[in-house]
Amino acid sequence: MAEGEPIRVVVTGAAGQIAYSLISMIANGDVFGKEQSVILHLLDIPPAMGVLEGVCMEIDDLALPLVKGYVKTTEPELAFKDVDAAFLVGAMPRREGMERKDLLSANVKIFKVQGEALNKYAKKDVKVLVVGNPANTNALICSFYAPSIPKENFTAMTRLDQNRAQSAIAKRLGLCVSNVKNVTIWGNHSSTQFPDVFNASVKLPGSSKSVYDSINDSQWLESDFIKTIQTRGAAVIQARKMSSAMSAAKAAVDHMRDWWSGTSEGSWVSMGVISDGSYGVPKGLIYSLPVSISNKQWKIVQGLKITDFAKNKLDLTAKELLEEKEEAMAVCNA
Ligand code: NAD
Ligand code: LMR
């Protein structure tokens, strides 16, 4: 890419609540850097075009120099044409009392259509982040219908879970979130996910200690903490009567920024990525794993400690993803 040339970034569900926060952060350079100009491709469905018109007025009114233009459309062909990065947000959110997988039959076909469109129209090195739920399985379906794009280019968002876990640990210790490193989310962005602090550390100037030793309360760490992170999305819905949006947009920014710019030495982040059999996870699922990133390529971090307690949790969330995969393929083939 020539220096100074804008990149094309698609946001689907552009009239929705997550996109409302996300678009301004992309436009401000929070994802691709303060030197990288962007052309925004904004996709939504016909009934949302009025709202999207208002969003576009606000993009103008932001008066941000990195925005070199935008495309507002209901057509996947236009939305995905030549894009370098894709935030696939557009999908139905769950309501109180639902699990995310209850959205599968309503949402998975969106990702079939968008996979086909990415396959035909996007750049072959496009980086795809699926936010719409159930995110892991939607990402898998999207990749399945885009066979000309490497499977490594399709990811699902579990960064919100990572941020939640990091924040909960920091709060418990009375520290800043930046002191808590390498919390890992394993598996599905669902209530079977395993937020793992066995391999996480607390870093203070001149010292580093494991989160486990710092908290020194295995009962809390192995029970309440895990449950709280697993059910945090539902707790936000119960309180707000709408699903998380501000924190989801920030997590999408964190995920794509790190994919674009890399992780620092010795640290990793969690992303739903195509599994290769590492840690005994069945191959070919989009499963959240610890990854380090350089040159815009992620690599699964190897050699982390997996206790029997952790292994059971890794297997349980893999089982759910296998079931979701089967159901999603059946819906797409129907
Ligand atoms: P929202 O209802 O506010 O917005 C969704 C938007 O998508 C709407 O504007 C809708 O018109 C649009 N849309 C629907 N079908 C579309 C299609 N085929 N193509 C393009 N756009 C389409 O919802 P939201 O709060 O922005 O949430 C969006 C999704 O993100 C939901 O599925 C939600 O569950 C999920 N989510 C995931 C995470 C995560 O951590 N992975 C976090 C929060 C929310
Ligand atoms: C979240 O984790 O907040 C989102 O996935 C929304 C939801 O349905 O919980």
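Using the three backbone atoms N, Cα and C, a Cβ is placed for every residue, glycine included.
The domain 'Lactate/malate dehydrogenase N-terminal' annotation in TrEMBL covers 8-154.
Look at TrEMBL and you will find Asp44, Asn107, Val131, Gly132, Asn133 tagged as NAD(+) binding site. Asn107 (NAD(+) binding site) falls within a helical segment according to DSSP.
Under the heading substrate binding site, TrEMBL lists Arg94, Arg100, Asn133, Arg164. Cβ environment of Arg164 (substrate binding site): Pro195, Ile229, Arg232, Ser247 lie under 8 Å away, each six or more residues apart in the same chain.
Confidence annotation: the domain 'Lactate/malate dehydrogenase C-terminal' (158-330) carries a mean pLDDT of 97 in the model. Taken from TrEMBL, the feature domain 'Lactate/malate dehydrogenase C-terminal' applies to 158-330.
If you look up TrEMBL, you'll see His189 marked as active site, proton acceptor. His189 (active site, proton acceptor) has a Cβ environment of 29 other Cβ atoms inside 10 Å.
A separation of roughly 10 Å, to the nearest angstrom, links the Cα atoms of Val131 (NAD(+) binding site) and His189 (active site, proton acceptor). For the pair formed by His189 (active site, proton acceptor) and Arg94 (substrate binding site), distance between Cα atoms is given as 13 Å, rounded to the nearest Å. Of the recorded residues, Arg94 (substrate binding site) and Asn133 (NAD(+) binding site) place their C-alpha atoms 8 Å from one another. Listed in sequence order, the residues of the same chain lying 6 or more apart from Asp44 (NAD(+) binding site) and placing their CB within less than 8 Å of its CB are Thr12, Gly13, Ala14, Ala15, Gly16, Val51, Leu52, Thr74, Gly90. Residue density at Arg94 (substrate binding site): 19 other Cβ atoms are found within 10 A of its Cβ, drawing on all protein chains shown.
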